[in-house]
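**Student:** Dumping the structure here so I can ask a few things about it.
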Amino acid sequence: MTILTTLIKEDNHFQDLNQVFGQANTLVTGLSPSAKVTMIAEKYAQSNQQLLLITNNLYQADKLETDLLQFIDAEELYKYPVQDIMTEEFSTQSPQLMSERIRTLTALAQGKKGLFIVPLNGLKKWLTPVEMWQNHQMTLRVGEDIDVDQFLNKLVNMGYKRESVVSHIGEFSLRGGIIDIFPLIGEPIRIELFDTEIDSIRDFDVETQRSKDNVEEVDITTASDYIITEEVISHLKEELKTAYENTRPKIDKSVRNDLKETYESFKLFESTYFDHQILRRLVAFMYETPSTIIEYFQKDAIIAVDEFNRIKETEESLTVESDSFISNIIESGNGFIGQSFIKYDDFETLIEGYPVTYFSLFATTMPIKLNHIIKFSCKPVQQFYGQYDIMRSEFQRYVNQNYHIVVLVETETKVERMQAMLSEMHIPSITKLHRSMSSGQAVIIEGSLSEGFELPDMGLVVITERELFKSKQKKQRKRTKAISNAEKIKSYQDLNVGDYIVHVHHGVGRYLGVETLEVGQTHRDYIKLQYKGTDQLFVPVDQMDQVQKYVASEDKTPKLNKLGGSEWKKTKAKVQQSVEDIAEELIDLYKEREMAEGYQYGEDTAEQTTFELDFPYELTPDQAKSIDEIKDDMQKSRPMDRLLCGDVGYGKTEVAVRAAFKAVMEGKQVAFLVPTTILAQQHYETLIERMQDFPVEIQLMSRFRTPKEIKQTKEGLKTGFVDIVVGTHKLLSKDIQYKDLGLLIVDEEQRFGVRHKERIKTLKHNVDVLTLTATPIPRTLHMSMLGVRDLSVIETPPENRFPVQTYVLEQNMSFIKEALERELSRDGQVFYLYNKVQSIYEKREQLQMLMPDANIAVAHGQMTERDLEETMLSFINNEYDILVTTTIIETGVDVPNANTLIIEDADRFGLSQLYQLRGRVGRSSRIGYAYFLHPANKVLTETAEDRLQAIKEFTELGSGFKIAMRDLNIRGAGNLLGKQQHGFIDTVGFDLYSQMLEEAVNEKRGIKEPESEVPEVEVDLNLDAYLPTEYIANEQAKIEIYKKLRKTETFDQIIDIKDELIDRFNDYPVEVARLLDIVEIKVHALHSGITLIKDKGKIIDIHLSVKATENIDGEVLFKATQPLGRTMKVGVQNNAMTITLTKQNQWLDSLKFLVKCIEESMRISDEA
């Protein structure tokens, strides 16, 4: 984009502006948003000061940020995102927005140069005093001394929470001399101390808990945007007490009790850990002299104001909203007199003393003394939308008028295509810049702005893809911390005390933790399990692979089995029978599929390539991989049967569209089968739009078509005139004949009835089939079905999707009104989820009184199919603002303009349901909002509380997501295998079920379970060998290490575990050293055919297998073991060698030496 700034820099108008910008009060008029951004960016580039750009709201700040990222390095661009809604202060904060705010405040506190975009609400917000913020900036360096207690105390002030193992943002832990911290910005950090000196600082991976790279120094940023010290708490106690006493007599008696509950809920007087998320509501009482953000800026900062009049309008409504919000919470006993979140001074007063540059599109009167007014003439660019003739004549005009023409396109490929298009129009163009650019020609460069503009006095025109092709600008995202899929899904397997488990031999019990028991003078760790009644079972940790976490459908509480009863055996036998039946079916399907002959497609055609380049977005890596897998299938003679699995809105349709186009290019027909009329309409419109420039005949068969049109479509399918048909189950009727059907695409197959599914099966025989589903299919289950259906998964969301901002709040009409008003004010729509059909119309009336001007519709499952579809369609077409609905919206319908979801009684929903419902919003490049409301002052059940806690963590794809994934996976398994199996999965738990199914399938296919290469070794030594709680306090971490030790088969793995223990928990004690010695002995034994090593008090017995006995070279063994002298004796029992070792002082070392000698004495067998 340097060409743009170079052209602007040389212009006289800009030079006039540059002289007064930041020097005196100036009004700049006439510039469109993108032209304005170009000027501001150039001013910033030429100065050494901080530049503050004030906007009226966050939406405007986001838009300007996207354009500014084209000119300014992301490292120097900051935003202070505050929502235009008071309710935010009362709910769980979004970590994304909070980390952006902290990044901004930290940069300002350090005096960094940067361009800072702040919406009005952010400018007025009460903040931590600047000096206090500066005192809590910490930079740690290797070699420095720290006062550990003081340091940990500071972390707590900064909003960090102490845990035994760090797994989420905002946590820290202390183990021995190791401190782990997961800051909001940057990588998780591990600090190792030598007494009080920092010995090393390392990044570490939260998933594996292993260190990565050493760093010399690290900045620790706060984990909350408020600092709360002990002094702050004691000031707050006094202020809040006074506020409570002032408020109590002035409110209605009926709510005084509520006020008391609110006052006590902050737990200021009995707690030691303070939740910053909750205390932020009391910011007005926290500090003696709170700051606003302007006090964080340098005294010579440059200030630019975007659209002064808009800011004043927003300020007025903000003041009114804030006043009514505060009065509402006071009147309902939820707040106190004196509570506020913003400074009420006028916006001009806040920036007094600074020279300000005001940007306004139109000349306007302002109550401000201005020193200069600079007028620009700026015109919008004609919208071409691909109309070649208009484009040519406009470009010709620019050339004739000797303009500098800058064309911005978003990818390198498009640069080449644009140049080819301009050369066809005989417009001179270049793509590489050499120093300067002569006028009267076009330069095509990679880049994007929200819109083009023409500055006639400068002789400059900028044209973007928006004018050329109606493309939306792609969101430029600053790098955010991505959470890997493994991390999302891994930890639902984590065992917590109280979880249900399944023991392969004993059935369903409860996990009570790891206990160290003394058995015959030695200490060992056992897993303690509770069964029916008072039965308890202690499982040695080295047999832990027989215990799995019980995972089944959400809210299914399993029945505990009785130890020693026959009930579990019967249950397993039943499941075994059903699993074998399924295995039988799967094998038949598999054989059938292998035999079937289908059509073999050729490589991609030139049209295919052109068609794919036409896609206005970048494919995600998962999309690209899925497309390749599908094309590979189509290019084989065996018919494709592939399942494409991806969350709603993750781009499955584009993948399907490309497959459809490939089929049509080879003269084949495509049937696109969907479960509902509305979905049919949406897919039909997508196909029409995507294929408009290609000779493809697309038709729709659904209730929205007249009988005459349906008849014509059937005729067209029969003659081959129709290439692609989209439709509901009408496509499955017997009287439809295709001339040459090549591809069947089925969307959400599980939503079709049994009869329709049968019909789909018959169509499948020698046609390629692609099935799309938004319900995730568990990989473990899929593995056991390998070869029956192939699976492609799209797990990455498209580039420009924002995470949905999720709030968990008490039900309150003023919160609801504010959320509705905010969405409608940005011309959006709202889903209002109310799951009680009997009173849903009353709810609509209630909302209508709240929002008299809104159009409100109702949708629920008891309406006729036709009425429901009409309502949904009207909502999609923007005829209604608010849709009051039951969970009927959970699947399928795409309403990109609906970006707010409000759910009443969210505590009654399952997590997976909430997760899928939340996927309804945030579907466009706008931020989506989800409000989960629960009744005020209602005592929640434990499950509901856990669930809401998990939903709060949804805001960062935390554990809530994992639980939802788990439940959805089970739902997916049920869809794949049928309803009856769902019940069986619930009786034995998901993991055991998958394992049984896999074994049954393999057995039927004649695949023997691979005999373990190395036989099981039993090592039983009278030693204290375990992981003491003093060394590893966290039980999950302990189990994880035991699992690794159990799986160890090589010395490299042992070294790796030793490294991990030292890295995560510091030097290990003698009990752990012995445990590692035993594992080392076991590895030698595995490699040499030893089957048993048993401690019998004074001697140790070692047994070899017959095969190992045949392979051992006796001579080599006797030579090697001479140092052991008479302590070792050799014998033979049942053709197998036995060795006894008499115990002496260093007997453990002797045993290690002996097993090593045995391994080294093995002859390498000829078969190897």
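Here the Cβ of each residue, glycine as well, is placed from N, Cα and C on the backbone.
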**Student:** Motif 'DEEQ box' per Swiss-Prot: which of the ranges 159-162, 207-210, 747-750, 755-758 is that?
**Tutor:** 747-750
**Student:** DSSP secondary structure for GLY646 (ATP binding site), reduced to helix/strand/coil, please.
**Tutor:** strand
**Student:** Please indicate, using numbers and ranges, the residues of the same chain that are 6 or more beyond the motif 'DEEQ box' (747-750) and have a C-beta under 8 Å from a C-beta there.
**Tutor:** 672-675, 679, 683, 757, 760, 771-775, 891-892, 975
**Student:** Fewest neighbouring Cβ atoms within 10 Å: which of the binding-site residues GLY649, LYS652?
**Tutor:** GLY649
**Student:** Any idea what DSSP makes of GLY651 (ATP binding site), helix, strand or coil?
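**Tutor:** For GLY651 (ATP binding site) - judged by DSSP and reduced to three states - the answer is coil.
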**Student:** Taking the Cβ of TYR650 (ATP binding site) as the centre, how many other Cβ atoms fall within a 10 Å radius?
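**Tutor:** Around TYR650 (ATP binding site), other Cβ atoms within 10 Å: 22.
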**Student:** Determine the Cβ neighbour count for GLY651 (ATP binding site): the number of other Cβ atoms within 10 Å of its Cβ.
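**Tutor:** Other Cβ atoms found within 10 Å: 20.
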**Student:** With Cβ-Cβ distance below 8 Å and at least 6 positions apart along the chain, what are the contacts of GLY646 (ATP binding site)? List them in sequence order.
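**Tutor:** Those within reach of GLY646 (ATP binding site), by Cβ under 8 Å and sequence separation of 6 or more, are ASP622, SER626, LYS652, LEU772, ALA774, VAL793, ILE794, GLU795.
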